[in-house]
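Visitor: I have a structure here, written as structure tokens, and I will follow up with some questions on it.
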Amino acid sequence: MSAFLVEGGNRLTGSVRVHGAKNSVLPILAAAILGEGESVIHNCPDLSDVAASLEILRHLGCKAVREGDTITVDASHLTRCDVPDELMREMRSSVIFLGAILGRMGEATLCTPGGCELGPRPIDLHLAAIRTLGAGIEERGSALHCTGALTGGDIVLSIPSVGATENAMLAAAAADGTTTITNAAREPEIVDLQNFLLAMGAKIRGAGSSVITIEGAGRLHGGEHTVMADRIVAATYLTAVAAAGGDVDVTGCDYAYLSTVTAALAESGCAVKSGRDHIRIRCDGPLKGVRPVRTAPYPGFPTDAQAPLMAALCKGTGTSVFVENIFESRYRHVDELSRMGADIRVEGKVAVVCGVPRLHGAAVKSSDLRGGAALVVAALGAEGRSEITGLHHIDRGYHDLELALRSLGAEIVRTA
């Protein structure tokens, strides 16, 4: 079983570049199905979830090739409209293929998705959106079979779900007529998906606002696009510096997308400065407690950054309160942080972190993607050696995390 061995107590210094966004590249790869031709997608991170997406594309009949950080998808000749259970279970967000397959092929069969187990993630919003566009959906055990020609409609989401917004965008791009999505998610990754769809010939506007309008453009062609930087990876690097201390320039990221995270870090005592495409963070002393951190849809505090920030604030002075409003069961990292000496109390969706003078190394296990990143952050600031297992979770969203941190002076190695 592979593990990270982390010797804590080393300041981090230097510069690190953020790779492409996991939460952007996955729906963009699904969107490539809609193009009757070749799409070229740059800045694609080498993640296990991306590899799973490529396997799904190949199963459907696409030619999908990676060269460095560029992926080329030729969807000229799709041969299947189903995604088998073993591929669906590779990643939770695999349901994003539903809208694209249905839009291109007129039918789609998918099983329930896999990935991180963060409590219920019902796909009812996805299905309701697809039904609004005229699809018939039949449940066959754990499988969903969707059929029907799609026509434009007015989709109103009960909550601004990122995945449901993306699925609706993909299905609507291939539908006949105009679709509006009201209460749409506003995340930057939604804007990135819109930009790729525009490159494919789609007629779409409004991404980044709560109302998106799509005029069904019929057949789309392949497009070329560069994936945006991963704001959660950037947040993880920033919190790692806060935990370990140091002075680091995080490059290739947009400060505007991280304002809630950097505001919390500044309040904790870090010096944070931003440039056009980079953020510099310096931390020299104990972190202070911060005002309550409440996760919320964008532009609120990102749920994916909750665990890494919590890990950083475990060591220091004062008390910090976290309120998790997006996912259930997203405090699984708390028990593992407690093994390292953290003082955290959880009741329902609220976690209270009381800063302690020091953390100590321990053997801990990652049980989900961002919780695993949080354990790495805590280990960097702890005294002594930590062993972190469950790396397959971390590899879903971070490419060579140990190499990036080692370039900044961290003592971290991956065992076989």
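Glycine residues also receive a Cβ, built from the backbone N, Cα and C atoms like all the rest.
Just so it is clear, the model here is predicted, and its values are computed rather than measured.
So TrEMBL lists the following for this protein:
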ACT_SITE  Cys116  active site, proton donor
BINDING   Lys22, Asn23  phosphoenolpyruvate binding site
BINDING   Arg92, Arg121, Pro122, Ile123, Asp124, Leu125, Asp304, Ile326  UDP-N-acetyl-alpha-D-glucosamine binding site
DOMAIN    6-402  domain 'Enolpyruvate transferase'
MOD_RES   Cys116  2-(S-cysteinyl)pyruvic acid O-phosphothioketal
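Can you walk me through where each of these features ends up in the structure?
Guide: Lys22 (phosphoenolpyruvate binding site) falls within a helix when secondary structure is assigned with DSSP. Counting only same-chain residues six or more apart in sequence, the Cβ atoms lying under 8 angstroms from the Cβ of Lys22 (phosphoenolpyruvate binding site) belong to Pro45, Leu47, Asp49, Val50, Asp230, Ile232, Arg396, Gly397.
Its Cβ taken as reference, Ile123 (UDP-N-acetyl-alpha-D-glucosamine binding site) is surrounded by 18 other Cβ atoms within 10 Å in the chains shown. According to DSSP, Ile123 (UDP-N-acetyl-alpha-D-glucosamine binding site) sits in a coil region rather than a helix or strand.
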Visitor: Taking the Cβ of Ile326 (UDP-N-acetyl-alpha-D-glucosamine binding site) as the centre, how many other Cβ atoms fall within a 10 Å radius?
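Guide: I get 20 for this one.
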Visitor: What does the structure give for the C-alpha distance between Arg92 (UDP-N-acetyl-alpha-D-glucosamine binding site) and Asn23 (phosphoenolpyruvate binding site)? Integer Å is fine.
Guide: 11
Visitor: Pop the Cα-Cα gap between Asp304 (UDP-N-acetyl-alpha-D-glucosamine binding site) and Asn23 (phosphoenolpyruvate binding site) into the table, whole Å please.
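Guide: If we compare the Cα positions of Asn23 (phosphoenolpyruvate binding site) and Asp304 (UDP-N-acetyl-alpha-D-glucosamine binding site), the gap is 11 Å.
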Visitor: According to DSSP, which kind of secondary structure is Asp304 (UDP-N-acetyl-alpha-D-glucosamine binding site) found in, if we only use helix, strand and coil?
Guide: helix
Visitor: Which residue, out of the binding-site residues Asp124, Asp304, shows the minimum number of other Cβ atoms inside 10 Å of its Cβ in this structure?
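Guide: The binding-site residues Asp124, Asp304 were compared, and Asp124 has the fewest Cβ atoms within 10 Å.
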